[in-house]
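Comments concern the structure below.
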Amino acid sequence: MAPKVPPQPSLEQSSTATAAGHGLAHAAPPKGILRWLLTTNHKEIGSLYLIFSLIMFFIGGIFALVVRAELYQPGMQLIQPEFFNQMTTMHGLIMVFAAVMPAFTGLANWMIPLQIGAPDMALPRLNNFSFWLLPVAFILLLSTLFMPGGGPNFGWTFYAPLSTTYAPPSTTIFILSLHIAGISSILGAINIIATILNMRAPGMRMMDMPLFVWTWLITSFLLIAVMPVLAGVITMMLMDINFGTSFFDAAGGGDPVLFQHLFWFFGHPEVYIMILPAFGIVSAIIPTFARKPLFGYASMVYATASIAILSFLVWAHHMFVVGLPLAATLFFMYTTMLIAVPTGVKVFNWITTLFRGSISFEPPMLFALAFVVLFTIGGFSGLMLAIAPADFQYHDTYFVVAHFHYVLVPGAVFAIMAGVYYWLPKWTGHYPHERLAQWHFWLSVIGVNLTFFPMHFSGLAGMPRRIPDYALQFADFNLVSSLGAFLFGFSQLLFVAVVILCVRGGRKAPAQAWDYAEDLEWTVPSPAPLHTFETPPTYQRPAH
Amino acid sequence: MRTLLVWLAGALSLAGSSQAALASGWNMPVGVTDLSREIYNLHMTIFWICVVIGVIVFAVMFYSLIRYRHAKGAKAANFHENTTVEVIWTAIPLLILVGMAVPATATLKKMYDTSDAELDVMVTGQQWRWHYEYLGEDVAFTSNMSTPRAQIRGDEPFGENYLLEVDQPLVLPINRKVRFLFTADDVIHAWWVPDFAVKQDTIPGFINENWVRINEPGIYRGQCAELCGRDHAFMPIVVHAMEEDDFDTWLAERKEAAAEEALGVEREWQKEELMERGEAVYASICASCHQPDGEGSPPAFPALAGNQRMLEDREWHTNVIIDGVSGTAMPAFRSTLNPVELAAVVTYTRNAWGNDTGSEVQPSTIAQRLGQ
């Protein structure tokens with residue numbers, strides 16, 4: 001590595017003189033683009049993650065709108081089926097790996113050190129590296145759209161042999177980009193675990209940690225456990241495509257079903273990776289605006305851990321129609337149904353927290369409440385999908401699309417937005433614009449339900465997923481879904497407006513921006529200075 | 001903003017009142033087999049359980065949101081733990097789940113029981129069509145979507161069964177247990193007919209089983225359910241379920257026709273005959289990838305028109321069609337097409353679209369090649 005990266009102490013000292021305002025012991029950061037390329041500060045890296053994920057959210061959203069525009073009415077009007085398949089695939093890949101996951105990592109970067117009273121992440125340079133891998137990975141991935149044969153067109157689940165023998169030439173680049181994104185996730189997870197286990201404020205036990213910290217700790221272990229499995233399966237694809245192996249090619253004695261087992265052994269924990277931190281955010285927001293402590297803190301921790309453990313035992317419920325033996329189908333049906341128990345416990349705890357509280361409806365609370373209702377609806381359809389005999393009818397239809405969008409959009413995405421509205425005062429020193437945020441919330445709620453609720457019906461009525469054109473009886477549901485999608489998509493511009501306005505100005509927020517908020521982040525000034533908790537705070541257990 | 005809402009409301013009411021909405025279902029079809037009815041009932045049972053739980057949970061939630069508003073001066077209580085409550089709301093859902101699992105298990109066992117079938121049908125998924133073979137009956141055929149591309153492009157009005165119609169439907173008898181054996185030649189497909197509650201992946205190198213006993217004669221439609229490439233949306237399934245006598249007559253006719261076709265292997269064919277037959281085979285099998293004009297869509301699907309290697313090496317050309325090309329999208333057609341069809345399509349592709357080799361291949365030559 002070049003000796004001047006990161007800056008040498010002498011450089012830092014020479015620039016200290018111009019660095020009035022920030023902590024005395026710290027130098028001013030380099031100016032311009034270098035500042036962001038070289039930063040090791042958890043707040044700056046957190047912001048980078050969040051901005052990156054917001055950009056990717058819009059790119060993935062544009063892909064979704066291309067899909068919805070084509071599906072607005074029967075017949076092929078705008079694009080060709082090949083391109084449609086690239087759009088559904090890219091939409092899924094970008095939203096999962098480049099929007100939702102980095103958004104949670106960004107929130108983790110910003111908030112975990114603040115919530116546990118640590119000065120920064122345990123491994124700041126690694127932190128910088130794990131972020132900067134992401135733009136590399138996803139510029140590579142997006143560039144495949146311009147390559148001969150087009151980008152990935154086999155769905156975000158990239159089942160072999162469609163993704164190997166029958167895939168476009170750009171698939172090798174797709175594999176490379178997923179490897180890079182995977183390394184980024186693993187490094188990020190290691191960093192978060194090291195931070196949480198080693199850098200808590202004196203006196204803060206594990207069972208004192210805010211639930212956002214707890215859920216991220218558990219999520220990090222899931223990431224470390226399953227990302228290597230993803231790396232393994234895409235490496236096997238790489239070998240099949242370029243080096244003549246036959247892991248997934250039946251003609252060479254390979255096994256296409258093995259691909260699915262490996263993929264979903266990664267894939268199912270992956271969906272919990274995208275929802276557990278959301279549980280943590282909602283568990284912070286609901287008590288704050290109900291002005292009442294979270295009900296059942298310990299059971300929340302145990303429920304999160306149970307969900308994480310169970311997530312390793314349910315993967316084949318994505319594969320009920322591949323021809324599993326009866327015993328396997330029964331096993332995976334039972335384990336999947338079991339997940340409803342800890343998930344139910346969480347919902348009951350949130351609602352009991354509301355019960356006899358003193359509730360107000362600021363924007364973060366609105367999003368958190370919508371999360372509880374709409375995530376629960378996604379949970380119900382999940383329970384229905386777990387029932388294997390019925391799943392033979394639901395599988396690979398729009399009912400599944402409705403289900404996972406309910407848990408991912410008004411689930412994970414709403415939780416992220418709730419978190420952003422909740423912590424914006426801490427990040428910027430200003431409250432978000434109340435009216436605009438309300439508009440954003442209500443248009444999003446209406447848009448999301450218009451888009452995804454009719455998909456339950458089109459799926460039950462028999463519409464398969466991932467088709468660019470459909471039979472006439474599905475026309476009405478698709479029309480409503482497309483209108484809803486455009487409403488939801490364009491409403492997100494309001495979100496960008498609120499964030500930009502909030503960065504530039506607005507009503508000043510005190511350190512304790514929300515009256516009842518309890519965690520350590522509310523003890524530092526708003527906006528949080530670049531360096532916080534340089535001397536560890538002494539953790540005070542709440543009185544209740 | 002108001003105009004947007006008005007526009008939206010207009011679109012919604014339009015959707016609600018149109019003809020198609022009345023014809024289409026909002027729910028899973030009950031179907032025409034005992035098992036599909038059982039699965040429908042299971043689906044509705046779980047649905048109503050979810051509705052009841054949802055109503056209770058959301059009622060408590062919205063009661064709290066309205067009753068304990070800060071704006072109305074609500075004072076927060078301070079309770080935050082109760083082990084008894086936690087145990088209760090862990091145990092009750094567990095019991096409900098056991099209640100759901102019992103009937104689900106019973107239904108699943110029936111679905112897996114493929115024994116004592118009276119008819120075996122091999123279903124092979126191919127990009128992008130279905131191949132059906134009545135095992136032990138020497139009857140086999142390919143079923144392609146028959147919706148014209150002009151309808152899809154919007155040049156013609158939609159037909160009644162847009163995208164859900166085929167040239168040759170699968171014909172099945174009612175009241176007999178039919179066992180399906182599923183496999184695929186290229187990528188994974190999934191054969192799904194909602195009215196039978198049968199959905200099964202067809203996987204290259206695997207044979208999956210499922211079964212059906214249809215209660216009512218009729219025409220039942222379905223689609224491929226697993227993403228299988230470009231024309232995934234365009235490989236529908238149509239099943240014509242007949243009275244048992246009608247089915248036996250149909251099967252006997254098809255057997256006779258198949259036997260006649262087998263005789264055709266022995267005789268010498270005229271080039272014009274081969275070209276005519278070859279054009280039909282090409283249109284139904286090859287054109288989806290190599291395009292009707294033989295231009296292909298490189299790099300995945302090479303052009304056949306003016307393809308030098310193919311034109312110079314008839315042996316290689318024939319072998320590619322019979323054995324496929326390992327590691328590419330070109331499947332082997334040795335078991336899907338009979339010697340007459342293979343000879344015809346080789347001859348056709350060597351002489352169509354300006355390919356002017358003038359050479360032909362006789363079915364007897366192909367039969368010899370296959371016999372080796």
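A Cβ is built for glycine as well, from the same backbone N, Cα and C atoms used for every other residue.
Features of the protein shown, as given by TrEMBL:
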- A:36-540: domain 'Cytochrome oxidase subunit I profile' (DOMAIN)
- A:48-69: transmembrane segment (TRANSMEM)
- A:89-110: transmembrane segment (TRANSMEM)
- A:131-151: transmembrane segment (TRANSMEM)
- A:171-199: transmembrane segment (TRANSMEM)
- A:211-239: transmembrane segment (TRANSMEM)
- A:271-290: transmembrane segment (TRANSMEM)
- A:297-316: transmembrane segment (TRANSMEM)
- A:322-345: transmembrane segment (TRANSMEM)
- A:366-388: transmembrane segment (TRANSMEM)
- A:400-424: transmembrane segment (TRANSMEM)
- A:436-457: transmembrane segment (TRANSMEM)
- A:477-503: transmembrane segment (TRANSMEM)
Residue numbers, six or more beyond the limits of the transmembrane segment (A:366-388), whose CB comes under 8 Å of its CB atoms | 275, 278, 281-282, 285-286, 289, 317, 320, 329-330, 332-333, 336-337, 339-340, 343-344, 347, 350-351, 394, 399-400, 402-407, 410-411, 414-415, 417-418, 421, 438, 441, 445, 448-449, 456
Are there three or more C-beta pairs under 8 angstroms joining the transmembrane segment (A:436-457) and the transmembrane segment (A:271-290), sequence spacing 6 or more?
-> no
Mind pulling out the one from A:89-110, A:322-345, A:436-457, A:477-503 with the most Cβ pairs under 8 angstroms to the transmembrane segment (A:211-239)?
-> A:89-110
Average pLDDT across the domain 'Cytochrome oxidase subunit I profile' (A:36-540), rounded to a whole number | 96
Same-chain residues at least 6 beyond the ends of the transmembrane segment (A:48-69) with CB under 8 Å of its CB atoms are 36, 39, 78-79, 84, 87-88, 90-91, 94-95, 98-103, 105-107, 109-110, 131, 134-135, 138, 142, 413, 420, 451, 481-482, 485-486, 489, 492, 496, 499
Contacting positions for the transmembrane segment (A:322-345) when only residues 6+ beyond its ends and CB under 8 Å are counted = 257, 260, 296, 299-300, 302-304, 306-307, 310-311, 313-316, 379, 382-383, 386-388
Does the transmembrane segment (A:400-424) come near the transmembrane segment (A:477-503), with 3+ Cβ pairs under 8 Å (pairs 6 or more apart)?
-> yes
